[in-house]
Structure formats: structure tokens, C-alpha cells
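Below: the structure, in C-alpha cells.
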Amino acid sequence: MTQQITLIKDKILSDNYFTLHNITYDLTRKDGEVIRHKREVYDRGNGATILLYNAKKKSVVLIRQFRVATWVNGNESGQLIETCAGLLDNDEPEVCIRKEAIEETGYEVGEVRKLFELYMSPGGVTELIHFFIAEYSDNQRANAGGGVEDEDIEVLELPFSQALEMIKTGEIRDGKTVLLLNYLQMSHLMD
């Protein structure tokens, strides 16, 4: 069912790094009643993420980096273990994720497989993330990784079983990473 939505006002509150909108809109309900809503929406662009796995070694490549939003929300160190990811900017998702993989992990991946696209926080964030997996091997290591410019990224090659256990212990708390690790487990690619 399509609901009627009428934009009343879109005020930009900030466009420092990303864009924060204050949006006023009317939503016509199924019964015909029109309800006015006022919401803040954070537009950070769309992104892509990839989980690198090695079925023979039963390992995955993740990264650890400082994430200020987690630090503000009580993650004492601000460090987060996650899959390689980045904003699309003007790139296609596959182009973006290949670039991010080599910058962040040092691996120049071959065939990548797109799994799905998901909104991770649709109540207030516009971002749509494209999810990928790719098998990696040691001979695809082009550099040490670690990111670019102001990034300080640690590359982690972990046994797959340990990564799954780290979800249970709370060491891995990033949503996209949990989704991709669980997908890998359910797909039986590591069996």
C-alpha cells in the first residue's frame, strides 16, 4: 500500500561532514486522516561492506578502528571490530568495496559476491548499505592495509570460529559485521 506523503519543510541543520535535515511532512493514514510529523534525518550517503573469508584456512579478515559514535555512547576505548566498509561517494558499490578492501585490509580481491542491500537505521539515517563477500588468499595481499589519510586501522586475520565466538562475548558489536559473519555460517561456505 502506498501512503500519501507531502513534504512541508526541509531545513538543513548542519552540513559539516554529513547533512542533518529537519523535515516536516504530512502523512495520510489508511483511514484518510492526515498526521503532521517533524523528524531529524541524517544523510550520510550510501555505503558498501565486504567480509573476506578463506574456506581452506577457515579464517576471516576484519579490521579494528576507532569509531567516535561508539565512544560517545559508552564504548570506553572507542575501538570497534568490523568488516571493511566505506561510503560510495560517486562509485558503484562493487568499485567502492574493491577500493576499500585494498586500502583497509591490503587484499586485492578477485571475484566478489553481492548478497543484499539493507537500511541499518531507517528511523533517522538515510544510508543504504550494499553487502558483499569474497574469498581471499595470501597471494592476494598487495600491501599491509591500515587505511588512508587520517585512518588508523588494524587488520585482523582471525579463525572463523573465533570471530563467531567474539559476537557472543560482545567483542564484535558492529551490526554489518554480525550480519555477514552469520550469513557466512548459514551459507556453509566454511564447511
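Count begins at 1; order follows the chain as displayed.
Yeah, the Cβs are placed from backbone N, Cα and C, and that goes for glycine too.
What Swiss-Prot records for this protein:
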- 43-180: domain 'Nudix hydrolase' (DOMAIN)
- ALA85, GLU104: Mg(2+) 1 binding site (BINDING)
- 86-106: motif 'Nudix box' (MOTIF)
- GLU100, GLU104, GLU151: Mg(2+) 2 binding site (BINDING)
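Note: the Cα of ALA85 (Mg(2+) 1 binding site) and the Cα of GLU100 (Mg(2+) 2 binding site) are spaced 6 Å from each other.
Note on the domain 'Nudix hydrolase' (43-180): its mean pLDDT in the predicted model is 95. Cβ contacts within 10 Å of GLU151 (Mg(2+) 2 binding site), excluding its own Cβ and spanning all protein chains shown: 13.
In the three-state DSSP reading, GLU100 (Mg(2+) 2 binding site) counts as helix. When DSSP labels each residue, the domain 'Nudix hydrolase' (43-180) comes out as 36 helix, 50 strand, 52 coil, counted as helix, strand and coil in that order.
Of all Cβ atoms in the shown protein chains, 25 besides its own fall within 10 Å of the Cβ of GLU104 (Mg(2+) 1 binding site). Geometry remark: GLU151 (Mg(2+) 2 binding site) versus GLU104 (Mg(2+) 1 binding site), CA distance 9 Å. In sequence order, ALA48, ILE50, CYS84, ALA85, GLY86 are the residues near GLU100 (Mg(2+) 2 binding site), counting only same-chain partners six or more apart with C-beta under 8 A. What surrounds the Mg(2+) 2 site, by Cβ distance within 8 Å of the Cβ centroid and not counting GLU100, GLU104, GLU151, is the set ILE63, CYS84, ALA85, GLY86, GLU103, THR105, GLY145, GLY147, VAL148, ILE153 from the same chain.
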